[in-house]
Every structure is written in C-alpha cells, then in structure tokens.
Amino acid sequence: MSTPGKENFRLKSYKNKSLNPDEMRRRREEEGLQLRKQKREEQLFKRRNVATAEEETEEEVMSDGGFHEAQINNMEMAPGGVITSDMTDMIFSNSPEQQLSATQKFRKLLSKEPNPPIDEVINTPGVVARFVEFLKRKENCTLQFESAWVLTNIASGNSLQTRNVIQAGAVPIFIELLSSEFEDVQEQAVWALGNIAGDSTMCRDYVLNCNILPPLLQLFSKQNRLTMTRNAVWALSNLCRGKSPPPEFAKVSPCLNVLSWLLFVSDTDVLADACWALSYLSDGPNDKIQAVIDAGVCRRLVELLMHNDYKVVSPALRAVGNIVTGDDIQTQVILNCSALQSLLHLLSSPKESIKKEACWTISNITAGNRAQIQTVIDANMFPALISILQTAEFRTRKEAAWAITNATSGGSAEQIKYLVELGCIKPLCDLLTVMDAKIVQVALNGLENILRLGEQEAKRNGSGINPYCALIEEAYGLDKIEFLQSHENQEIYQKAFDLIEHYFGTEDEDSSIAPQVDLSQQQYIFQQCEAPMEGFQL
C-alpha cells in the first residue's frame, strides 16, 4: 500500500506539483463527475404507465361495472380529449360506481394520449385532491388502484406537475399502500413513489424523510411477481440517485443488503437498476465506498462486467470505477476479484462510452502503488491503452492519457521503461496539440516523468545523454513543447519552459513559425518534417 511518506516523496520529485495523488486518482470533480452527469438513455428516472390494447380488452371483459364502462365510453368528448363536465360530476358524486368509472376515464386519458393532458387534469379544481382521497378507500381496492395509476402518470410529468401530487398529500398515503394486501395497489404505489423521487433531489429527500425505506425493503422479502420487483428496485435506485446534494447516506445505506442479493436475479432490468443504485451509493468519499465493499457486492459487480447486455455492463462498470477511486486497499478488493481481464475485454468494446469508462477505471488503478501498476502491466493492458491513445475518440483518449501518465508518476524505473518500449512517447506528444488544457498538462507530466528517468539513467551510466530526449524529438515533441511556451495557461507555459530549459537546453526561437489550427480535430497542426540528427533548429 502507498504510504503518505512515499506519496510526498513522489510529489517532491516534481517541478510541477499540480498533479497530486488526489488529482491522479480521485478525479471525481472533473472527469469522474462528468462521466456521471451524462444523460443515460438506458435508464429513465420517470415512467408513465401506459396500458396496452390487450390489457384494455382484458379489463373490459373482466370489469364488473360493464354498464358504467359503456356509459363512460359513450360520453361526448370535446376535441383534443378535454375533460367533460360529466367526468368531473361523476368524480365528485357519492356513487362508488360513478367514482370508479370516471377515475378509469381519467386514467385512460393520461395513459393513452401521446401528450397526456396532465395540465388540464391538475387545473380542474379539486380533482387531484379527490384522487388522493380515493387512495384511502381500503374497502375499494379497485378505486385505490385506478387513482394510484392516475396520480402515477401525473407525477411522470414535469416538476410542477409532480409538485401538485406532493402538495395534495399523496406521498405518505402511497407509503402506507406499500403494505396493502393487494399487490396491484402495492405495485402502483411503488411506481408513483419512484416517479416522485426521480423528479429532483428535493422530492427524493422528501420521500426519504417520509420513511419510505422500511416498507419498500419489506416488499423484497416477499415472493413478488417480476414487474413488482422491477418497479421496486427502480424506485430504490431513484432514492439513491443525485449528487447536488447526495441523499443522506444513513437513510439509504440500509438498502445495501437487498441490493447485494438483487445482483443475482436473472432479469436484466432488475440487474441494471440494482447496479445503478450501487453506482450512486459508491459515488463519494471512502467511507461510502467501504460500506459498499462491506456489503459483499464487489465480486458480483466484476462478474457483471462480462454480461451480454450493455444495460447491465454500464452501471456495473460505473460502480466498479467508483470503488477504485478509493484508497489502495479498497482498489485491491476489486483487483482481487480478477477485474483486469474483464476491463481489458471492455477496452475493445464497440460502445465508445464503455471503452471510455474502462479507461477511466484503469486510470484510477494505475494511480495506486507499484504492485497495482504491475498487475496492470501483467494483464497486458498497456498495449491496448496506447492503441486507444492513438486511435479512439478524444474523450476516450483523455482517459487513456490519465492511465498512462498516472503509471509514469507512481511507477518504478522498469515500469516506466516498459511503457516507453511500448511506444507511449509518440501518442503523448500528439496530445500536446489539443485544445484541452488539462490534457495538455497530463501529457506534459507524463513526458516529464519519462525525461526525469532518462536523466537519472544518464547520470548512472556516466554517458550524460538522456536517451528519451531523442525519442521526444523524433516524435516532434520538442516542436510542440516549444510552442507551448506561448500558451495562455500559465502552468502549461511554465512547465514547457522548464522542460526545454532543463532537458533540451536553450535554443533561439523563430517566433514567425506558428502552427495552424485544425478546429475540426480540436488541435494545432505541425509540419511533419524529418528531424535532423542534431535536433531541431528553430
């Protein structure tokens, strides 16, 4: 394990101390956070319950109130599916049959329309409160179910629409309905609460503060139908989700035990949402990471990296990646689960986002101790990383650059030489021309670490010649470093100046020679001329 003393010694050997261990591994506020912020098509935070034609037909046949159903269906509807006065009259009538029939009509409007008239429903005075009142009708489970369905679909709308459901007092009643003896009612209550929690961090915290977790977790202890389990784990993931601020960990950590066995359910939807929940819970300081590790989920998460559905692989990879942002011991737990072979496989994924997050995960492993860097070498991962550094999309190249530079920062002389022999210098030099200042710094730091090793070798063998200077010149790196002396970022131009002065000597600069800019590639263009044996004379 890396000791604080070793880390401090490593830092003191830098001229530029900006790349500290926190920057090397715990890149949560930058690349790591950016990875989490991206919109995921695989997971919806809100879901509308839409009946299929088959379900509708079955319902018509099984309905006891056939006359009332026909009465509703024959109502004169205004253009655009507006709510009729008959519907509101029936909602507020004292007849349970009329109440049910009208509620079903509202439900159909909110379920079938491509653009459901949610605003029209909530703007009809007293209607939302009436549906909440119907939730309390324990003697009429069908009315409870239909009302819950209506409110679920209202809560599937925008934040203002969701707030109407909350302000009508629905949340505590929905939580009570999680313990209903009728599974249809339970499931619809879960769905509604999932929609409300998925709206915003404020709604999520309100639902948590209403003490949803005990009855929700109790649902998992029963033999449920699959749709119930799917809805419940989805609601659970929404309760764990959110960064600004995250949920109070003490309120969501009790779900870890349930999540640990949900990882062994065969259904991909259940697996995906369980993995997302674990990725949210592991996204934070080391004590949260430790709680996730202590739940015993790491080995199964690593196994799921090889799942055949990206819907499962993406959140499993996110969770594994979050865990290795922890300390060396926490990172080792993942390594002990044989994660590297799975990660190597993901580096060749046709899905760019998977490839990128695999690189990000590996970059946090190479920020560990030398033994951990060696496991990455032994797994033969660096050839793939260097290939990615040369050919992948820029967002993926960035993560590969971090993985390689982190290895040069903490690696031994032999480990750094291995990276040079694999050909890491040329792609690092190529990154010096990109527009992203942070990645230019990462590439400069990697090259500096290599040059420092060369200087030590030159002193040790008495030759006085740094073997890596020539390799950087051959890769047109010297041109690029010299150009960076005029970079607008102070840290970059200072680092470039220091590298030239310390490793390449001072040479006259022709300020009239400036590279062109290729905006499509987000980088500068340098003429690729042959380097003379004595180096460049600019």
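Cβ coordinates come from backbone N, Cα and C, glycine included.
Note that the structure is a prediction, hence the values are computed from the model and not measured.
Annotation comment: Swiss-Prot describes Met1 as N-acetylmethionine, evidence class similarity to another entry.
Feature annotation from Swiss-Prot assigns phosphoserine to Ser63.
Each residue in the region 'NLS binding site (major)' (149-241) has a pLDDT score, and their mean in this model is 96. Sequence annotations record features per position, and here Swiss-Prot assigns region 'NLS binding site (major)' to 149-241 based on similarity to another entry.
Annotation source Swiss-Prot lists region 'Binding to RAG1' at 245-437, citing similarity to another entry.
Per Swiss-Prot, repeat 'ARM 1' is recorded for 77-117.
What Swiss-Prot records for 118-161 is repeat 'ARM 2'.
The repeat 'ARM 3' feature in Swiss-Prot is assigned to 162-206. Residues 45-47, 49, 122, 128-129, 131-132, 135-136, 141, 144-145, 148-149, 151-152, 154-156, 212, 215-216, 218-219, 224-225, 227-228, 231-232, 234-235, 238-239, 241-242, 244-245, 247-248 of the same chain, all 6+ positions outside the repeat 'ARM 3' (162-206), place their C-beta atoms under 8 angstroms from a C-beta of that stretch.
Under the heading repeat 'ARM 4', Swiss-Prot lists 207-245.
What Swiss-Prot lists as repeat 'ARM 5' is 246-290. Tertiary neighbourhood of the repeat 'ARM 5' (246-290): same-chain residues 28, 36, 42-43, 201, 204-205, 208-209, 213, 217, 220, 226, 229-230, 233-234, 236-237, 239-240, 296-297, 300-301, 304, 307, 309, 311-312, 314-316, 318-319, 322-323, 325-327, 330, selected by CB-CB distance under 8 Å and a gap of 6+ residues from either end.
Annotation source Swiss-Prot lists repeat 'ARM 6' at 291-330.
Residues annotated as repeat 'ARM 7' in Swiss-Prot: 331-372.
Marked as repeat 'ARM 8' by Swiss-Prot: 373-412.
The repeat 'ARM 9' annotation in Swiss-Prot covers 413-457.
Taken from Swiss-Prot, the feature repeat 'ARM 10' covers 460-504. According to DSSP, the secondary structure content of the repeat 'ARM 10' (460-504) in residues is 35 helix, 0 strand, 10 coil.
According to Swiss-Prot, the motif 'Nuclear localization signal' annotation covers 42-51, on the basis of similarity to another entry.
Proximity of distant same-chain residues to the repeat 'ARM 8' (373-412), defined by a Cβ-Cβ separation under 8 Å and at least 6 residues beyond the stretch ends, is recorded for 2, 10, 19, 24-25, 27, 31, 335, 340-341, 343-344, 347-348, 352, 355-357, 359-360, 362-367, 418-419, 422-424, 426-428, 430-431, 434, 436, 439, 442-443, 445-446, 449-450, 522.
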